[in-house]
Amino acid sequence: MSRDINETLISGTTKGPHVTKVPLEPISRLVPFSALIICIIFVNYFLIRYYVLEGFLLKKVYGNLYTQMNETARRGFVNHHIAGATKLLILVLAAYPFIDVAFGTATFKSSFAGSKHVTQGDILVVVTQMLIAMYVFELFYRPKISPVSVAHHIGTIMIGQTAIAISLNLVREKDATIEFILCTVWGAFDIISEFLPHIAIILYRVYPTSHRFLYKVFRLACITTIVGTLAETILTMYLFGSLWTRWTIAFKVTTPMLHVLFSSAQLWGSYNLYRMYKRQERLLAELEGDVDDTEAGSKAEDTKDREIVKPNEEAHQSSDAMSHYGSDIELPDQDCLRGSKKP
(Lines of atoms letter the chains of each structure in order from A and count residues from 1; the text may use other names and numbers.)
(Lines give C-alpha, C1' and ligand atoms only; values in the text may rest on other atoms or scores of the structure.)
Protein backbone atom coordinates (compact mmCIF):
# COMPACT_ATOMS: atom_id res chain seq x y z
CA MET A 1 0.00 0.00 0.00
CA SER A 2 2.73 2.51 0.95
CA ARG A 3 4.68 1.62 -2.23
CA ASP A 4 1.61 2.29 -4.39
CA ILE A 5 1.07 5.66 -2.74
CA ASN A 6 4.71 6.70 -3.16
CA GLU A 7 4.77 5.59 -6.81
CA THR A 8 1.71 7.75 -7.45
CA LEU A 9 3.38 10.72 -5.79
CA ILE A 10 6.65 10.26 -7.64
CA SER A 11 4.87 9.94 -11.00
CA GLY A 12 3.59 13.48 -10.57
CA THR A 13 -0.07 12.64 -11.02
CA THR A 14 -1.03 14.42 -7.79
CA LYS A 15 -1.91 18.09 -7.86
CA GLY A 16 -2.03 20.62 -5.06
CA PRO A 17 0.32 21.95 -2.39
CA HIS A 18 3.65 20.32 -1.60
CA VAL A 19 2.18 18.39 1.33
CA THR A 20 0.19 16.30 -1.15
CA LYS A 21 3.47 15.10 -2.66
CA VAL A 22 5.20 14.17 0.60
CA PRO A 23 5.83 10.41 0.43
CA LEU A 24 4.68 7.92 3.03
CA GLU A 25 7.90 7.46 4.98
CA PRO A 26 9.18 7.24 8.57
CA ILE A 27 9.11 10.62 10.29
CA SER A 28 12.40 10.18 12.08
CA ARG A 29 14.73 7.51 13.42
CA LEU A 30 14.15 9.12 16.83
CA VAL A 31 10.50 8.05 16.98
CA PRO A 32 11.25 4.76 18.82
CA PHE A 33 13.01 6.85 21.48
CA SER A 34 10.10 9.24 22.04
CA ALA A 35 9.62 8.15 25.66
CA LEU A 36 13.27 8.89 26.44
CA ILE A 37 13.08 12.25 24.67
CA ILE A 38 10.02 13.44 26.56
CA CYS A 39 11.52 12.24 29.87
CA ILE A 40 14.65 14.31 29.22
CA ILE A 41 12.45 17.31 28.44
CA PHE A 42 10.50 16.83 31.69
CA VAL A 43 13.77 16.76 33.65
CA ASN A 44 14.87 19.99 31.95
CA TYR A 45 11.55 21.66 32.78
CA PHE A 46 11.97 20.69 36.42
CA LEU A 47 15.56 21.93 36.62
CA ILE A 48 14.68 25.25 34.98
CA ARG A 49 11.57 25.72 37.09
CA TYR A 50 13.03 24.71 40.46
CA TYR A 51 16.65 25.85 40.31
CA VAL A 52 16.50 28.79 37.89
CA LEU A 53 13.08 30.47 37.84
CA GLU A 54 11.92 29.77 41.40
CA GLY A 55 15.46 29.47 42.71
CA PHE A 56 16.73 32.95 41.93
CA LEU A 57 15.85 34.45 38.54
CA LEU A 58 12.26 35.62 39.12
CA LYS A 59 13.15 36.93 42.58
CA LYS A 60 16.03 38.90 41.12
CA VAL A 61 14.07 40.29 38.18
CA TYR A 62 10.73 41.07 39.86
CA GLY A 63 11.70 41.43 43.54
CA ASN A 64 8.81 41.92 45.96
CA LEU A 65 6.30 41.70 43.13
CA TYR A 66 7.09 37.99 42.83
CA THR A 67 7.80 37.12 46.47
CA GLN A 68 4.52 38.66 47.69
CA MET A 69 2.34 36.66 45.29
CA ASN A 70 0.10 33.96 46.72
CA GLU A 71 0.67 30.35 45.68
CA THR A 72 -1.89 30.34 42.87
CA ALA A 73 -0.60 33.57 41.35
CA ARG A 74 3.03 32.51 41.71
CA ARG A 75 2.51 29.19 39.95
CA GLY A 76 0.61 30.86 37.14
CA PHE A 77 3.38 33.44 36.80
CA VAL A 78 6.08 30.76 36.63
CA ASN A 79 4.04 28.70 34.17
CA HIS A 80 3.65 31.60 31.76
CA HIS A 81 7.41 32.16 31.73
CA ILE A 82 8.05 28.48 30.97
CA ALA A 83 5.31 28.29 28.33
CA GLY A 84 6.36 31.53 26.65
CA ALA A 85 10.06 30.59 26.58
CA THR A 86 9.29 27.08 25.32
CA LYS A 87 7.12 28.35 22.47
CA LEU A 88 9.76 30.89 21.50
CA LEU A 89 12.44 28.18 21.44
CA ILE A 90 10.22 25.87 19.39
CA LEU A 91 9.55 28.68 16.93
CA VAL A 92 13.27 29.29 16.45
CA LEU A 93 14.14 25.60 16.07
CA ALA A 94 11.19 24.40 14.01
CA ALA A 95 10.28 27.30 11.72
CA TYR A 96 12.65 26.23 8.94
CA PRO A 97 11.95 22.45 8.91
CA PHE A 98 8.21 23.00 9.30
CA ILE A 99 7.95 25.40 6.36
CA ASP A 100 10.32 23.34 4.22
CA VAL A 101 8.45 20.06 4.74
CA ALA A 102 4.87 21.36 4.74
CA PHE A 103 5.17 24.00 2.02
CA GLY A 104 8.65 23.78 0.50
CA THR A 105 10.40 20.95 -1.29
CA ALA A 106 11.80 18.83 1.55
CA THR A 107 10.71 15.55 3.11
CA PHE A 108 11.25 14.23 6.62
CA LYS A 109 14.48 12.56 5.48
CA SER A 110 15.97 15.80 4.14
CA SER A 111 18.99 17.07 6.04
CA PHE A 112 18.53 19.87 8.55
CA ALA A 113 20.60 22.97 7.67
CA GLY A 114 23.06 20.83 5.69
CA SER A 115 23.77 18.45 8.57
CA LYS A 116 24.96 14.94 7.73
CA HIS A 117 23.29 13.42 10.78
CA VAL A 118 20.22 15.51 11.69
CA THR A 119 17.12 15.45 9.49
CA GLN A 120 14.10 17.72 9.28
CA GLY A 121 12.02 14.95 10.82
CA ASP A 122 14.38 14.68 13.80
CA ILE A 123 13.85 18.33 14.69
CA LEU A 124 10.09 18.16 14.23
CA VAL A 125 9.79 15.10 16.50
CA VAL A 126 11.85 16.76 19.26
CA VAL A 127 9.90 20.05 19.20
CA THR A 128 6.61 18.14 19.12
CA GLN A 129 7.64 16.40 22.32
CA MET A 130 8.65 19.77 23.80
CA LEU A 131 5.17 21.17 23.16
CA ILE A 132 3.45 18.06 24.49
CA ALA A 133 5.65 18.03 27.60
CA MET A 134 4.83 21.70 28.20
CA TYR A 135 1.11 20.93 28.32
CA VAL A 136 1.64 17.91 30.59
CA PHE A 137 3.75 20.06 32.91
CA GLU A 138 1.03 22.70 32.98
CA LEU A 139 -1.67 20.18 33.89
CA PHE A 140 0.38 18.94 36.85
CA TYR A 141 1.82 22.28 37.99
CA ARG A 142 -1.12 24.66 37.92
CA PRO A 143 -3.33 24.56 41.02
CA LYS A 144 -6.38 25.76 39.06
CA ILE A 145 -7.30 25.07 35.46
CA SER A 146 -10.49 25.60 33.49
CA PRO A 147 -12.36 22.72 31.80
CA VAL A 148 -11.67 24.34 28.42
CA SER A 149 -7.93 24.26 29.09
CA VAL A 150 -8.14 20.66 30.26
CA ALA A 151 -9.91 19.60 27.05
CA HIS A 152 -7.48 21.57 24.87
CA HIS A 153 -4.35 20.27 26.58
CA ILE A 154 -5.44 16.63 26.80
CA GLY A 155 -6.54 16.72 23.16
CA THR A 156 -3.20 18.16 22.07
CA ILE A 157 -1.26 15.60 24.10
CA MET A 158 -3.19 12.60 22.79
CA ILE A 159 -3.27 13.73 19.14
CA GLY A 160 0.41 14.61 19.07
CA GLN A 161 1.54 11.33 20.59
CA THR A 162 -0.83 9.35 18.38
CA ALA A 163 0.54 11.02 15.25
CA ILE A 164 4.07 10.01 16.26
CA ALA A 165 3.15 6.49 17.36
CA ILE A 166 1.24 5.47 14.22
CA SER A 167 4.25 6.37 12.08
CA LEU A 168 5.89 3.19 13.41
CA ASN A 169 3.45 1.09 11.36
CA LEU A 170 3.36 2.61 7.88
CA VAL A 171 2.10 -0.60 6.29
CA ARG A 172 -1.18 -0.27 8.14
CA GLU A 173 -1.32 3.48 8.81
CA LYS A 174 -1.09 4.91 5.30
CA ASP A 175 -2.00 8.44 6.46
CA ALA A 176 0.56 8.60 9.29
CA THR A 177 2.88 11.02 7.50
CA ILE A 178 0.24 13.53 6.49
CA GLU A 179 -1.41 13.31 9.91
CA PHE A 180 1.85 14.35 11.54
CA ILE A 181 2.24 17.25 9.11
CA LEU A 182 -1.30 18.42 9.86
CA CYS A 183 -0.47 18.26 13.58
CA THR A 184 2.57 20.48 12.99
CA VAL A 185 0.28 23.01 11.29
CA TRP A 186 -1.99 23.00 14.36
CA GLY A 187 1.02 23.32 16.61
CA ALA A 188 2.52 26.18 14.61
CA PHE A 189 -0.63 28.28 14.88
CA ASP A 190 -0.98 27.37 18.55
CA ILE A 191 2.53 28.64 19.23
CA ILE A 192 2.22 31.83 17.20
CA SER A 193 -1.29 32.92 18.18
CA GLU A 194 -1.01 32.04 21.88
CA PHE A 195 2.48 33.42 22.52
CA LEU A 196 1.27 36.99 23.04
CA PRO A 197 -1.33 36.03 25.70
CA HIS A 198 1.51 34.66 27.85
CA ILE A 199 3.30 37.99 27.56
CA ALA A 200 0.07 39.87 28.23
CA ILE A 201 -0.57 38.06 31.51
CA ILE A 202 3.02 38.55 32.68
CA LEU A 203 2.67 42.27 31.94
CA TYR A 204 -0.63 42.29 33.82
CA ARG A 205 1.19 41.03 36.89
CA VAL A 206 4.03 43.52 36.56
CA TYR A 207 1.93 46.59 35.70
CA PRO A 208 -1.51 45.96 37.26
CA THR A 209 -2.41 49.66 37.52
CA SER A 210 -1.29 50.73 34.03
CA HIS A 211 -4.76 50.38 32.58
CA ARG A 212 -4.16 52.20 29.30
CA PHE A 213 -1.11 50.06 28.58
CA LEU A 214 -2.89 46.83 29.54
CA TYR A 215 -5.92 47.83 27.47
CA LYS A 216 -3.71 47.98 24.37
CA VAL A 217 -1.89 44.75 25.22
CA PHE A 218 -5.04 42.69 25.83
CA ARG A 219 -6.74 44.14 22.76
CA LEU A 220 -3.77 43.20 20.58
CA ALA A 221 -3.66 39.71 22.12
CA CYS A 222 -7.38 39.27 21.47
CA ILE A 223 -7.04 40.31 17.83
CA THR A 224 -4.04 38.06 17.19
CA THR A 225 -5.73 34.98 18.66
CA ILE A 226 -8.89 35.54 16.60
CA VAL A 227 -6.94 36.12 13.39
CA GLY A 228 -4.74 33.12 14.18
CA THR A 229 -7.74 30.84 14.70
CA LEU A 230 -9.36 31.96 11.44
CA ALA A 231 -6.13 31.56 9.48
CA GLU A 232 -5.54 28.16 11.08
CA THR A 233 -9.02 26.99 10.11
CA ILE A 234 -8.64 28.12 6.50
CA LEU A 235 -5.19 26.57 6.03
CA THR A 236 -5.93 23.36 7.91
CA MET A 237 -9.16 22.67 6.06
CA TYR A 238 -7.47 23.51 2.74
CA LEU A 239 -4.70 21.00 3.40
CA PHE A 240 -7.19 18.48 4.77
CA GLY A 241 -9.29 18.75 1.61
CA SER A 242 -6.24 18.56 -0.66
CA LEU A 243 -5.28 15.28 1.00
CA TRP A 244 -8.81 13.85 0.98
CA THR A 245 -8.02 10.77 -1.10
CA ARG A 246 -5.14 9.79 1.20
CA TRP A 247 -7.09 9.85 4.47
CA THR A 248 -8.59 6.73 5.98
CA ILE A 249 -12.23 6.93 7.01
CA ALA A 250 -11.25 7.29 10.68
CA PHE A 251 -9.30 10.49 10.06
CA LYS A 252 -11.89 11.82 7.62
CA VAL A 253 -14.37 11.76 10.50
CA THR A 254 -12.23 12.66 13.51
CA THR A 255 -10.03 15.41 12.05
CA PRO A 256 -12.84 17.98 11.55
CA MET A 257 -14.23 17.13 14.99
CA LEU A 258 -10.86 17.67 16.64
CA HIS A 259 -10.35 20.91 14.77
CA VAL A 260 -13.70 22.20 16.05
CA LEU A 261 -12.58 21.31 19.59
CA PHE A 262 -9.27 23.15 19.26
CA SER A 263 -10.83 26.15 17.54
CA SER A 264 -13.51 26.40 20.21
CA ALA A 265 -10.86 26.43 22.94
CA GLN A 266 -8.90 29.13 21.12
CA LEU A 267 -12.00 31.27 20.55
CA TRP A 268 -12.90 30.88 24.22
CA GLY A 269 -9.46 32.23 25.04
CA SER A 270 -10.05 35.12 22.63
CA TYR A 271 -13.34 35.89 24.36
CA ASN A 272 -11.57 35.96 27.72
CA LEU A 273 -8.97 38.34 26.35
CA TYR A 274 -11.82 40.49 25.04
CA ARG A 275 -13.32 40.59 28.53
CA MET A 276 -9.96 41.57 29.97
CA TYR A 277 -9.36 44.44 27.58
CA LYS A 278 -12.93 45.69 28.07
CA ARG A 279 -12.34 45.54 31.82
CA GLN A 280 -9.19 47.66 31.44
CA GLU A 281 -11.17 50.05 29.26
CA ARG A 282 -13.79 50.37 31.99
CA LEU A 283 -11.19 50.94 34.71
CA LEU A 284 -9.50 53.55 32.56
CA ALA A 285 -12.81 55.34 32.04
CA GLU A 286 -13.44 55.26 35.80
CA LEU A 287 -10.03 56.77 36.52
CA GLU A 288 -10.61 59.51 33.98
CA GLY A 289 -14.00 60.05 35.58
CA ASP A 290 -12.27 60.44 38.95
CA VAL A 291 -10.22 63.30 37.55
CA ASP A 292 -13.38 65.06 36.50
CA ASP A 293 -14.93 64.31 39.89
CA THR A 294 -11.95 65.86 41.62
CA GLU A 295 -12.56 69.09 39.82
CA ALA A 296 -16.21 68.85 40.85
CA GLY A 297 -15.28 68.09 44.46
CA SER A 298 -16.73 64.56 44.57
CA LYS A 299 -13.65 62.32 44.33
CA ALA A 300 -13.59 61.19 47.96
CA GLU A 301 -17.03 59.62 47.94
CA ASP A 302 -16.48 57.75 44.66
CA THR A 303 -13.11 56.45 45.82
CA LYS A 304 -14.64 55.19 49.04
CA ASP A 305 -17.38 53.34 47.17
CA ARG A 306 -14.89 51.76 44.79
CA GLU A 307 -12.62 50.57 47.59
CA ILE A 308 -15.57 48.89 49.28
CA VAL A 309 -17.12 47.21 46.24
CA LYS A 310 -14.74 46.93 43.32
CA PRO A 311 -11.70 44.86 44.41
CA ASN A 312 -13.58 41.62 45.07
CA GLU A 313 -15.75 42.06 41.99
CA GLU A 314 -12.75 42.72 39.76
CA ALA A 315 -10.77 39.86 41.23
CA HIS A 316 -13.63 37.46 40.49
CA GLN A 317 -14.06 38.70 36.92
CA SER A 318 -10.33 38.62 36.27
CA SER A 319 -9.93 35.11 37.63
CA ASP A 320 -12.78 33.82 35.46
CA ALA A 321 -11.58 35.62 32.37
CA MET A 322 -7.99 34.45 32.36
CA SER A 323 -8.35 30.90 33.67
CA HIS A 324 -8.09 29.56 30.11
CA TYR A 325 -4.50 30.79 29.93
CA GLY A 326 -3.53 29.53 33.36
CA SER A 327 -3.39 32.84 35.17
CA ASP A 328 -6.20 32.51 37.72
CA ILE A 329 -5.61 36.19 38.36
CA GLU A 330 -6.75 37.82 41.55
CA LEU A 331 -6.65 41.56 42.04
CA PRO A 332 -3.54 42.50 44.06
CA ASP A 333 -4.17 44.23 47.34
CA GLN A 334 -3.99 48.00 47.51
CA ASP A 335 -0.53 48.07 49.10
CA CYS A 336 0.88 46.00 46.25
CA LEU A 337 -0.82 48.24 43.71
CA ARG A 338 0.75 51.35 45.18
CA GLY A 339 4.20 49.82 44.83
CA SER A 340 3.69 48.34 41.38
CA LYS A 341 5.79 49.36 38.41
CA LYS A 342 4.50 51.43 35.54
CA PRO A 343 5.87 51.17 32.02
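Using N, Cα and C of the backbone, Cβ positions are placed for all residues, glycine too.
If you look up TrEMBL, you'll see 296-317 marked as compositional bias 'Basic and acidic residues'.
Residues annotated as region 'Disordered' in TrEMBL: 293-343.
Within the chain carrying the transmembrane segment (30-52), a Cβ under 8 angstroms from the stretch's Cβ atoms is held by residues 78, 82, 121-122, 125-126, 129-130, 132-134, 136-137, 141, 161, 164-165, 167-168, all 6 or more beyond its ends. Marked as transmembrane segment by TrEMBL: 30-52 (among others).
Residues annotated as transmembrane segment in TrEMBL: 84-103 (among others).
According to TrEMBL, the feature transmembrane segment maps to 123-141 (among others).
Annotated transmembrane segment per TrEMBL: 153-171 (among others), in sequence order.
TrEMBL lists 177-196 (among others) with the feature transmembrane segment.
Listed by sequence, the residues of this chain that lie at least six past the ends of the transmembrane segment (217-241) yet keep a Cβ under 8 A from its Cβ atoms are 17, 19, 181-182, 185-186, 189, 192-194, 196-197, 199-200, 203-204, 247, 255-256, 259, 263, 266-267, 269-270, 273-274, 276-277, 280. The transmembrane segment annotation in TrEMBL covers 217-241 (among others).
Residues or ranges marked as transmembrane segment by TrEMBL: 253-274 (among others). Sequence-remote contacts of a segment are chain residues at least 6 beyond its ends whose Cβ falls under 8 Å from one of its Cβ atoms, and for the transmembrane segment (253-274) they are 148-149, 151-152, 155-156, 159, 182, 186, 190, 193-194, 197, 200, 218, 221-222, 225-226, 228-229, 232-233, 236-237, 240, 247, 320-325.
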(message) Let me spell it out: take the transmembrane segment (84-103), skip the flanking residues so only those 6+ beyond its ends count, and list any with a Cβ under 8 Å from a Cβ in it.
(response) 17-19, 22, 110, 112-113, 120-121, 123-124, 126-127, 130-131, 134, 181, 184-185, 187-188, 191-192, 194-195, 198-199, 202
(request) May I ask for the residues of the chain that lie six or more residues beyond the transmembrane segment (177-196) and have a Cβ under 8 Å from a Cβ within it? (result) 19, 22-25, 27, 84, 87-88, 90-91, 94, 98, 101-102, 108, 124, 128, 131, 156, 159-160, 163-164, 166-167, 170, 220-221, 224-225, 227-229, 231-232, 235-236, 239-240, 243, 246-247, 251, 255, 259, 262, 266, 269, 325
